[in-house]
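According to Swiss-Prot, the protein carries these features:
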type     : residues : note
DOMAIN   : 1-73     : domain 'Disintegrin'
DISULFID : 6-21     : disulfide bond
DISULFID : 8-16     : disulfide bond
DISULFID : 15-38    : disulfide bond
DISULFID : 29-35    : disulfide bond
DISULFID : 34-59    : disulfide bond
DISULFID : 47-66    : disulfide bond
């Protein structure tokens with residue numbers, strides 16, 4: 001939602017302050033296929049394996065999202 005950096009619905013998330021819905025100090029992310037232990041996963045790490053004629057989708061190192069590369073193998 002607007003103004004939220006993370007989903008504050010779960011107080012158990014160590015990356016997100018449930019009271020403010022903001023990332024905790026030092027955290028880059030709180031969830032996502034390219035987020036691990038509150039940090040972005042390094043560039044080139046497979047976040048979604050190849051399927052059919054499509055290549056692997058990989059993390060960018062700049063975001064917690066796993067972008068679709070849109071490339072055929």
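Every residue gets a Cβ built from N, Cα and C, even glycine.
Note that the structure is a prediction, hence the values are computed from the model and not measured.
Feature map: annotations from Swiss-Prot on the structure.
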| residue | record | Cβ contacts under 8 Å, 6 or more apart |
| --- | --- | --- |
| 6 | disulfide bond | 13, 15, 16, 17, 21, 22, 23, 29, 30, 31 |
| 8 | disulfide bond | 16, 17, 18, 19, 20, 21 |
| 34 | disulfide bond | 40, 41, 45, 47, 59, 60, 63, 64, 65, 66 |
| 38 | disulfide bond | 14, 15, 23, 24, 26, 27, 28, 29, 30 |
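Taking all protein chains in view, 21 other C-beta atoms sit within 10 angstroms of the C-beta of residue 29 (disulfide bond). Neighbour counts were taken as the number of other C-beta atoms within 10 angstroms of each residue's C-beta; across the disulfide-bonded residues 16, 35, 47, 59, the minimum falls on 47. When the disulfide-bonded residues 21, 66 are compared by the number of other C-beta atoms lying within 10 angstroms of their own C-beta, 21 comes out lowest.
Every protein chain considered, the tally of other Cβ atoms within 10 Å of the Cβ of residue 15 (disulfide bond) stands at 19. Taken together, the residues of the domain 'Disintegrin' (1-73) have an average pLDDT of 91.
In terms of DSSP helix, strand and coil, the domain 'Disintegrin' (1-73) has 0 helix, 16 strand, 57 coil.
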